[in-house]
Every structure is written in C-alpha cells, then in structure tokens.
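Down below is the structure, laid out as structure tokens.
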Ligand SMILES: O=C(CO)COP(=O)(O)O
C-alpha cells in the first residue's frame with residue numbers, strides 16, 4: 001500500500017487509533033485537539049489517508065461536539081456494539097446510538113472482546129449485521145494467538161474467523177467492510193508481526209473473500225494490520241500491497257506519535 005488508489009481499486013488508507021479503556025472525556029478531547037492541530041500543521045491531506053479514532057463510549061459525545069464545532073476531518077467510531085437494537089440489555093450500547101452520535105465505524109471482535117468477554121464468532125457475526133443495520137462500517141478484527149502461530153495454523157485460523165464473521169452478508173456489504181488482522185501475540189507486547197507476515201495474512205484474507213464472493217468485491221475491502229505499531233515500524237508494514245492501513249493501540253494515545261504514523265512518507269507517495 002503506497003497510495004490512495006491501490007491499483008485498480010480505490011482503497012483509501014485508513015489509520016485508526018483504538019484508545020481502548022484509556023482517556024476520560026476531558027482527556028479524550030485534549031488528545032483529539034492536539035492530533036488535529038498536529039495533522040493540520042503538517043498539511044495532512046485526509047483524502048490520501050483517512051484518520052479514525054475509537055474512544056471509550058463515554059467520550060463519544062464530546063468527540064462529536066469537537067469534530068462538528070471545529071469542522072475536523074477525523075472520523076470516529078465505537079469500540080464495540082450490541083447485536084440488538086434496543087431493549088433489556090443492561091450495559092450494552094446499540095448501533096442506533098452510535099449512528100446518532102455520528103460514528104462512521106465500529107470495531108467488532110477485537111481480540112480483547114474475544115478473550116476477556118468470550119465473544120464467539122456467531123455473536124460477532126450478529127454484531128457485524130447490527131453495524132450494517134445502523135449504517136456503521138464494521139472493522140472486523142481477527143488474528144491468532146501464539147500457540148496457533150507456533151503450530152503454523154495462523155492463516156487457517158484467521159481466515160476461519162473472517163468467514164464466520166461475515167456469514168450471510170451480501171457482496172455489497174462485504175465490499176464496504178474493513179478487516180483488521182491483529183495477531184494476539186503482537187498486541188501490547190512490543191512484538192510486531194513482520195511486514196511479510198502482515199502482507200501474507202492480508203493477502204490470504206483477501207483471497208478468501210475472492211473465493212467466497214468475487215475478485216471485485218475482495219478488491220474493495222480494506223485490510224488493516226494491528227499489533228505494536230509505532231512510527232518506527234509503520235512504514236515497513238504499510239509497504240505490503242494488500243495492507244491498506246493500521247489499527248494502532250498504545251501509540252494512538254500519543255498525539256505526536258500517532259500523527260507521525262498517519263504522516264508516514266509512504267502514505268504520501270503520488271502515483
Ligand atoms: O489492539 C490493538 C489495536 O486494536 C493493538 O494494540 P497495541 O498497538 O497497543 O499493540
């Protein structure tokens with residue numbers, strides 16, 4: 001991925017910051033303001049690389065107000081959503097509410113949701129469908145743990161998570177999807193999958209979509225890599241031709257670091 005037009009298909013690079021359970025709504029606004037200023041000062045062209053943040057739910061209203069008030073081009077989304085639209089689901093958040101708050105995206109199936117909350121592929125499939133019902137673009141996360149990687153079954157494992165997550169979607173929906181490959185062993189550990197690993201998996205995921213749907217549909221899907229991404233390694237990972245962006249955790253909490261990931265020179269090459 002070296003441009004905003006990846007060959008025949010227009011896959012605008014997406015650099016996404018997952019804040020996880022960090023930053024209260026005041027801290028969140030401060031970070032977003034700083035990020036926007038830094039990117040503006042650098043003359044960032046959002047058409048060349050889209051920038052998204054995923055704050056905690058309690059920050060979203062403040063983020064919406066700031067984005068609207070200051071006319072920011074940064075987009076945002078929820079870190080999760082309920083498979084249901086409303087009702088007696090204490091503690092859950094409906095896609096309907098996220099849509100009302102101006103969210104563009106929603107993360108589905110982050111490995112921390114899969115591991116800590118035991119979310120199954122079947123549940124995640126209903127969350128993906130709930131996202132589409134509320135005009136949110138799901139970012140479906142998939143990736144293997146260390147044991148699976150060591151056994152050499154990482155491609156099969158991750159591809160099967162993707163297959164289960166998109167069960168029953170139309171080709172039109174799949175074409176809008178974003179998929180994030182996040183190897184669990186590389187999240188928050190400082191271990192990064194090598195650029196070749198990221199490319200191998202993104203290509204395998206795309207190939208699977210090609211065989212389940214068709215090449216044109218698969219060619220539209222943006223594939224992100226996530227796991228210990230920093231400004232120092234972002235460029236090498238983004239060189240993979242099937243890697244269309246990054247899902248950044250820890251480094252997205254530092255405005256300057258995240259802005260330099262967004263601004264990595266490879267994103268700015270014109271073709
Ligand atoms: O889980 C991640 C993003 O969703 C990756 O987190 P880190 O970048 O902190 O490893």
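Each residue, glycine too, has its Cβ placed from N, Cα and C.
Here is what TrEMBL records for this protein:
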- 110: active site, electrophile (ACT_SITE)
- 182: active site, proton acceptor (ACT_SITE)
- 18, 19, 20, 188, 228, 249, 250: substrate binding site (BINDING)
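Features per TrEMBL, on structure.
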{"residue": "18", "record": "substrate binding site", "DSSP class": "strand"}
{"residue": "110", "record": "active site, electrophile", "DSSP class": "coil"}
{"residue": "182", "record": "active site, proton acceptor", "DSSP class": "coil"}
{"residue": "188", "record": "substrate binding site", "DSSP class": "coil"}
{"residue": "228", "record": "substrate binding site", "DSSP class": "coil"}
{"residue": "249", "record": "substrate binding site", "DSSP class": "coil"}
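Highlighted in sequence order, 187, 248, 251, 252, 253 have their Cβ within 8 Å of the centre of the Cβ atoms of 18, 19, 20, 188, 228, 249, 250, the residues recorded for substrate, and are not part of that set. Put simply, the residue listed as 'active site, electrophile' is 13 Å from residue 188 (substrate binding site) when counted between their Cα atoms. A 10 Å cutoff on Cβ-Cβ distances gives residue 20 (substrate binding site) a total of 18 other Cβ atoms nearby, all chains included. In this structure, the CA atom of residue 18 (substrate binding site) is 10 Å away from the CA atom of residue 110 (active site, electrophile). Proximity to ligand 1 at the level of Cβ atoms, with a cut-off under 6 angstroms, picks out 188 from the binding-site residues 19, 20, 188.
Annotation for residue 249 (substrate binding site): same-chain Cβ neighbours under 8 Å, separated by at least 6 residues, are 17, 18, 20, 187, 188, 226, 228, 229. Residue 110 (active site, electrophile) sits 8 Å from residue 182 (active site, proton acceptor), counting Cα to Cα. Among the listed binding-site residues, namely 18, 228, the Cβ with the most fellow Cβ atoms inside 10 Å is that of 18.
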